[in-house]
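In TrEMBL this protein carries:
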type: DOMAIN; residues: 19-234; note: domain 'MacB-like periplasmic core'
type: TRANSMEM; residues: 265-290; note: transmembrane segment
type: DOMAIN; residues: 269-384; note: domain 'ABC3 transporter permease C-terminal'
type: TRANSMEM; residues: 310-336; note: transmembrane segment
type: TRANSMEM; residues: 356-378; note: transmembrane segment
type: TRANSMEM; residues: 402-422; note: transmembrane segment
type: TRANSMEM; residues: 434-467; note: transmembrane segment
type: DOMAIN; residues: 486-693; note: domain 'MacB-like periplasmic core'
type: TRANSMEM; residues: 488-507; note: transmembrane segment
type: TRANSMEM; residues: 723-743; note: transmembrane segment
type: DOMAIN; residues: 726-843; note: domain 'ABC3 transporter permease C-terminal'
type: TRANSMEM; residues: 755-773; note: transmembrane segment
type: TRANSMEM; residues: 779-801; note: transmembrane segment
type: TRANSMEM; residues: 813-833; note: transmembrane segment
Amino acid sequence: MIRIAWRNLRAHLRRFQMSLLAVVLGVAFLSGIFALRATLADSYDSLIASTNTYQYYLVGKVQGSKVADEAPVRKNLSVKMAQEAESVSGVKYADPYLIDVCMLTDQDNKRLGTGQQVSVLQVIYPGHSAQPRLVKGEAPQGKREVALEESAAKRLGVATGQSLKVYVSSEGESVKVSGIYRFPTPVAFTNYVFVAEDGFAPLTQKPLPPATTAIAITAEKGAAGAALRSALNQEFSGSAEVMTQAEYNQEINTAATSSLDFVNVFLLVFAAIALFVGTFIITNTFQMMVRAEQSQFAMLRAIGASGGQVFSIVALQGLLVGILGSAIGVGAGYLLTRLVSWGLAKAGFEALQISWSWSITLLALTVGIIVTVIGSLWPARSAALTPPVEAMRQNTQTQKPVWPRAIIGTLVLALAGGLLAWASSDSGTNGLWLGIGAALFLLAMLILVTPLSAAIIRVLAGLIWWLRPHARLAMRTLTANLRQTANTAAALMIGVALVAVGATLAASTKASTQSVIDQKINTDLVVSTEPTVVSLSPSLLNKAARVSGVKQVDLMTGIGLFRITVPGKKPEQTMMQVTYPQFDRYIKVTPISGATADYFSQSPATPRAIVSRAWAKSRGLAPGDKIEISGIHGQEIVTIAATIDTELIFLDVMVPRSLATKLGPEAADITTSASIELEDGADLNKVQREVQKVVSNNPFMVVQTHQEAADRVAATVDQVLSVLYALLALSLIIAALGIMNTLSLSVQQRFRELGLIRTVGLSSLGLSLMITVESVLITLAGTLLGIGGGTALATFVCRYLSDRGISIIEVPWASLGLICLLAVLVGTLAALLPARRARRMPILEAVSSGD
């Protein structure tokens, strides 16, 4: 049987070309994803190991209980504890970990770096630790000097002696680059800017923070590690504990790994989609091969071969295709990662090299082989069930009824619809049931694709009646081989459905944002920062208030990182929205429950907060409940005044500026937006231009109208959507290959039939047109089913996200119509090679063949 399988595979290798290519593309993409995941993990590991190089770290006690595979939440430490730690026997240096984020420009206020790349400003203590090592220039001193990490300096094109501006708060501070430092491992993507301890507060334009997350410890030469740890733990037994460098880095790694989980799952989902679509092509190829070789399998059964032996022939062919395709795919994936690494190096990120290991190779090979073998099992079963009597029949092709699929698919669809409706309603508890409903919905589409594609093909063929007889011949061919047609359309349907979901979500987000900005924001111009890591400049806002036509300038919102403790739950760090006193004058906040008036009229003695409905629901909270909010200066018990929908412009938790100032954010104390109210009769465009000139000294401040603010959000959505389309492109390419593969095999199977059609008068051009119509009908059937299913699924997802701001469901019909036109183009291109082969076939040879 092995010899038969190998002989058939070699004799009909052309049949498996597209399946082989589908496996190659899928495995190449999968191995690339595995390599990217490993690279992200390795880059975090190397970054943490390179930047945290002290012997010991003094950290706060754990708040709440520890959870397996999760980084614990720890209390902050007083910066003054560093002086106390240095007095402990065996401690040479105790350095508080002081860090902030910043943006860099040259002296002409031109941004350094690409896009919205953020830099890290960190206090360095020269000589206290072996790393980083000064390789050029001198260590920074005072508030007018900084040093850069070596790879960051290369990316930014900065050298020692050069002058820069550092923006941490609202005003940029001019500094000189005094030196270049090198970590053991170059740092990718993150620009490290080092400053002396006495220069940190002047650069940040804020008082030195009273608290820190850790204090780095350097031991005296010859000090015993165990004794030092014991002494420190005893000295700070009530508030802190000592960790080694390895323990400290491991805890940070745990937090970093959990933050990467979403990215990993996101990437793996698209790899799975590509392989899933490829499975349809593989199954279709083997199914058509089994039909073409049915008489041979029947003959084998007639001469004594068992069903298991026939099954093994097809399964072995699947194994061989899987091994060959996966091996080529892994090689292609490796070359792809080398190409990406080369591109990153050219872009200035030579520190980030794509990782590759034998585990990636073995995993990608295993997955590719398993997927290919699985795709061949059902056709192998069909071959094994071939009765010996089929060898004596002239026509062995039979068409099974589709009504069982229609009934089962309808039942599954009803179940999925009910589950989606419940999960997207106010009664739904979490996204798990929405995910299960979406999976069942896609399963129902796969079950129903056979009867639905038949109906769509008949309707489409009727609409192009003017292409008779080509359209009718194409329709009859496709409906005569309905399962083959449906499998091909299904591969395209899944990819298009996901594109339709993404496009509908994007259009709904844009429409909802536009509606919210028009209805909720009552101001002429909005001044904001981009990115939101730099505060608005008070001095520039004061100048803007003196521009002709400006009536009033008021601060509206800010952000700050605080710690929240919900009764009975683990403390959590949360980025909160900070509202200024004039906030409710310009922005309308509509409560879902509770009263926002209680929030805006609160007194310092009874602090209140507004929270999003989804945030409160996930934590079992309601208006009137109390939570603890803590910062670097203390903590307060805060009452929830109301719940709201975030409406794409609010964060989950909202607190007044007075409370934020009293508590002190642990990080990111940033003023993000201000309102500009114009005098009656003032020219909006003219005033906007004048204000923009005034604030241009800060390159991170932008002045926008309502429409421009909405367009800014829309641009962000489009960027996310472009990533989605890029990831889905591979599955669509594989689906197009499936159409080409189906048509090629169909031409081969219908060799005699096509010859007879030529003999009765159909020209070679007409034959090409018929095959092109077949391709376009398959493509349109899959596309229309995908659009219909995708928009229906997106409707439920939008309803589920209604409390997150998607209040309007908008279907982008223009974009979906363009997808249909692209489907016609793809169908036409996919038909070129099969049509060319059919057009060139010798008529007499085709008529005399046994098909």
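Each residue's number is its place along the chain shown, starting with 1.
Glycine residues also receive a Cβ, built from the backbone N, Cα and C atoms like all the rest.
Note on the domain 'ABC3 transporter permease C-terminal' (269-384): its mean pLDDT in the predicted model is 79. Counting same-chain residues at least six beyond the ends of the transmembrane segment (755-773), those with a Cβ under 8 angstroms from any Cβ of the stretch are 461, 464, 467, 469-471, 473-474, 743, 747, 827-828, 831, 834-836, 838-839, 841, 843-847, 849. Break the domain 'ABC3 transporter permease C-terminal' (269-384) down by DSSP state and the numbers are 100 helix, 0 strand, 16 coil. Helix, strand and coil counts from DSSP across the domain 'ABC3 transporter permease C-terminal' (726-843) read 102 helix, 0 strand, 16 coil.
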